[in-house]
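What follows is a set of notes on a single structure, which appears directly below.
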Amino acid sequence: MEVEADIGAESMKDESFFGPLDILLITALLGIAAWWFMKDKKKDSAYKSYTIQPTALGSTTDTSGNSFIKKLKTSGRSLVAFYGRQTGTGEEFAGRLAKEGVRYQMKGMVADPEEYDMGELVNMKEIPNSLAVFCLATYGEGDPTDNAMDFYEWLQNGSADLTGLNYAVFGLGNKTYEHYNAVGIYVDQRLEELGATRVCELGLGDDDANIEDDFITWKDKFWPSVCESFGIETMGEDVSIRQYQLVEHTEINTDRVYTGEVARLHSLKNQRPPFDVKNPYLAPISVNRELHKAGNRSCMHIEFNIEGSRMRYDTGDHCAVYAKNDDENVEKLGKLLGVNLDTLFTLTNTDEDSSKKHPFPCPTSYRTALTYYLDITSNPRTHILKELSEYCSNPEEQVKLKSMASTSPEGKQLYNSWIIQDNRNILHILEDMPSCKPPIDHICELLPRLQCRYYSISSSSKLHPTTVHITAVRVEYKTPTGRLNKGVATCWLADKKPNTQPDTDLPSPVVPIFIRKSQFKLPTRPQTPIIMIGPGTGLAPFRGFIQERDLYRKEGKPVGETILYFGCRKKSEDYIYQEELEEYVANGTLKLYVAFSREQEQKQYVTHLLEKNKDELWNVIGENNGHLYVCGDAKNMARDVHNIVANVIKEKGNMEEAQANTYLKKMEAQKRYSADVWS
């Protein structure tokens with residue numbers, strides 16, 4: 001269309017007039033171009049992602065756009081707490097800081113950096129005694145969370161003058177990962193470089209240890225620093241401040257009630273693309289089979305049918321699953337709280353200026369909230385224990401909860417032993433402290449949101465474009481108190497068996513899923529050699545890698561050496577995908593090393609096999625510019641692999657330690673050394 005328009009423009013210059021046919025032709029071309037443009041615009045607008053649309057009466061709509069400065073000014077606030085979250089913890093910490101600000105004459109708001117123009121930080125100086133706090137998580141290989149990505153890139157690429165901005169940063173990370181708290185550390189330094197004033201030293205939370213302890217320890221330094229910087233004093237007792245107001249509905253149109261939707265009302269009944277974190281696709285399960293041959297553990301191979309969904313994935317991506325809490329636990333919690341779980345209710349933010357009108361989609365029932373929206377199985381954080389203590393009629397139970405919520409060494413030790421080590425959740429606490437009778441609406445306000453679970457996709461999109469495969473170990477274990485804890489997602493998925501009876505019309509069970517993109521990718525050139533290290537379910541993404549390389553080979557394309565290190569306990573028990581892997585070895589696609597840790601007196605792991613093959617390792621990563629991939633346990637296996645690789649580079653590459661470290665960093669930067677690990 002653009003080329004033809006250019007030709008038409010030239011003809012207008014060269015000729016003194018147009019004939020009727022010329023005018024008709026040009027008009028037609030312009031009309032076609034306009035139609036084409038409008039068609040694309042309509043297509044774009046038809047596929048926008050969905051946000052929560054509350055249906056509660058009396059809720060207000062945010063009209064201030066993406067200006068957090070305007071919100072601060074119009075509502076008389078001076079504190080804004082931004083969060084970068086992958087699992088919800090960063091948002092929770094930001095909310096706690098904003099809520100506590102009232103005690104220090106600083107009315108606060110919580111803000112998602114994805115929803116605001118972060119360039120407005122330059123205008124924070126216009127608000128007297130203002131403060132911006134950043135609770136930012138790091139995930140992957142030192143990456144910012146999805147909702148903080150634009151802000152992170154703005155800091156990297158911009159040169160704004162942030163003089164007059166007062167700030168503090170708390171980072172959320174995990175020490176088992178190489179790039180521990182990289183995002184929080186960078187943002188803290190970069191804000192200072194741009195002229196901002198640090199009000200409190202950087203706080204770093206370690207999720208592998210006790211991130212709650214790290215946060216409250218930092219918070220105990222944060223507020224005194226704020227008071228000193230701004231010359232303010234606390235306004236008195238640390239009393240409970242309710243954030244949401246309860247309305248129980250006796251008469252309401254049930255068609256306007258949420259029944260488990262993530263965001264858009266009826267989205268699980270009336271499905272429409274695009275499917276994402278706020279709009280999951282109800283994928284039918286076509287296969288759900290056991291991979292373990294024996295033993296008392298279970299590992300599932302599950303296939304989701306995505307045909308017709310317009311969902312696409314690349315080999316190495318992640319599949320997110322929205323699961324539900326166990327019905328038995330929900331019933332127990334309802335009885336302990338003494339409520340009718342089918343009561344319909346709405347929780348509405350008492351702060352009319354807040355962009356977050358409800359803690360989860362409302363109106364809904366208590367049963368739905370406890371089943372789909374609230375995390376009832378994780379260890380409650382200290383601020384929840386503090387709130388619970390107010391509802392204890394037994395003085396000893398009240399003192400115990402208050403002690404665990406304090407920052408005293410004794411209180412921290414008690415919290416660590418009674419909550420963390422004994423693995424108590426809200427249900428267990430209410431069972432073990434019978435005098436504690438909180439109202440259910442306060443429980444709904446306090447508990448964090450139930451998060452989706454991510455699984456590495458264990459299939460190739462080129463071989464299986466209409467199905468997504470995942471590999472998941474069923475989580476089930478006894479706690480020190482003798483209780484049976486079950487993994488929310490894996491135990492829920494285990495019961496979802498597809499209909500295999502050809503003579504029945506029973507529908508296949510469906511699961512809400514979406515695809516999360518990953519940087520864990522095969523080399524663009526199939527002839528590049530690769531080494532994959534994935535014991536246990538760490539094999540999952542490599543199954544997809546191998547499928548893809550096998551397909552290339554069958555198509556006659558040159559394929560580089562494909563080497564896999566896999567480990568399990570016993571060949572007769574948990575050697576998952578054994579037949580597939582052995583077939584790939586037989587047809588020449590795969591070179592395989594397997595470590596069986598429990599089949600000999602001295603345990604043998606994949607790292608032992610890798611260390612024996614130093615020459616081959618260097619041949620791939622040093623002499624042939626190959627790629628190395630690690631998937632699985634971050635705490636031990638991935639760290640050991642990293643050390644072995646560093647030593648091989650040093651030894652076989654004849655490098656000094658500093659040179660070897662530089663070489664390793666270059667591999668990581670070039671995505672030739674990639675890790676998809678968890679702790």
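Note that Cβ sites are derived from N, Cα and C of the backbone, with glycine treated the same way.
Some features that TrEMBL has for this protein:
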- 17-38: transmembrane segment (TRANSMEM)
- 79-223: domain 'Flavodoxin-like' (DOMAIN)
- 137-140, 172-181, D207: FMN binding site (BINDING)
- 278-523: domain 'FAD-binding FR-type' (DOMAIN)
- R297, T537, S597, R598, K603, Q604, Y605, V606, T607, D640: NADP(+) binding site (BINDING)
- R453, Y454, Y455, S456, T471, A472, V473, Y477, G487, V488, A489, T490, W678: FAD binding site (BINDING)
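Location within the structure of each feature annotated in TrEMBL.
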{"residue": "Y139", "record": "FMN binding site", "Cβ contacts under 8 Å, 6 or more apart": "Q86, T145"}
{"residue": "E178", "record": "FMN binding site", "Cβ contacts under 8 Å, 6 or more apart": "E141, G142, H642, A675"}
{"residue": "Y180", "record": "FMN binding site", "Cβ contacts under 8 Å, 6 or more apart": "T138, G173, N174, L204, D206"}
{"residue": "D207", "record": "FMN binding site", "Cβ contacts under 8 Å, 6 or more apart": "T89, L172, G173, N174, S679"}
{"residue": "R297", "record": "NADP(+) binding site", "Cβ contacts under 8 Å, 6 or more apart": "V473, R474, E573, D574"}
{"residue": "R453", "record": "FAD binding site", "Cβ contacts under 8 Å, 6 or more apart": "A320, V321, A323, V488, A489"}
{"residue": "Y455", "record": "FAD binding site", "Cβ contacts under 8 Å, 6 or more apart": "H318, C319, A320, V321, I470, T471, A472, A540"}
{"residue": "K603", "record": "NADP(+) binding site", "Cβ contacts under 8 Å, 6 or more apart": "S597"}
{"residue": "Y605", "record": "NADP(+) binding site", "Cβ contacts under 8 Å, 6 or more apart": "P535, G567, A595, S597, M637, D640"}
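As a summary of secondary structure, the domain 'Flavodoxin-like' (79-223) carries 65 helix, 35 strand, 45 coil according to DSSP. Mean pLDDT for the domain 'Flavodoxin-like' (79-223) in the predicted structure: 93. Counting Cβ atoms from all protein chains shown, T176 (FMN binding site) has 19 others lying within 10 Å of its own Cβ. In this structure the alpha carbons, written CA, of T607 (NADP(+) binding site) and A137 (FMN binding site) are 30 Å apart. Calculated from their C-alpha atoms, the gap between T176 (FMN binding site) and W678 (FAD binding site) amounts to 8 Å. A137 (FMN binding site) sits 15 Å from W678 (FAD binding site), taking the Cα positions as reference. With the fewest other Cβ atoms inside 10 Å of its Cβ, the least crowded of the binding-site residues L172, V473, A489 in this structure is V473. Spatially close to G487 (FAD binding site) yet at least six residues away along the chain are R474, V475, E476, judged by Cβ distances under 8 angstroms. Within 10 Å of the C-beta of N174 (FMN binding site) there are 22 other C-beta atoms, taking all protein chains into account. Neighbour count (other Cβ atoms within 10 Å of the Cβ, all protein chains): 23 for T471 (FAD binding site).
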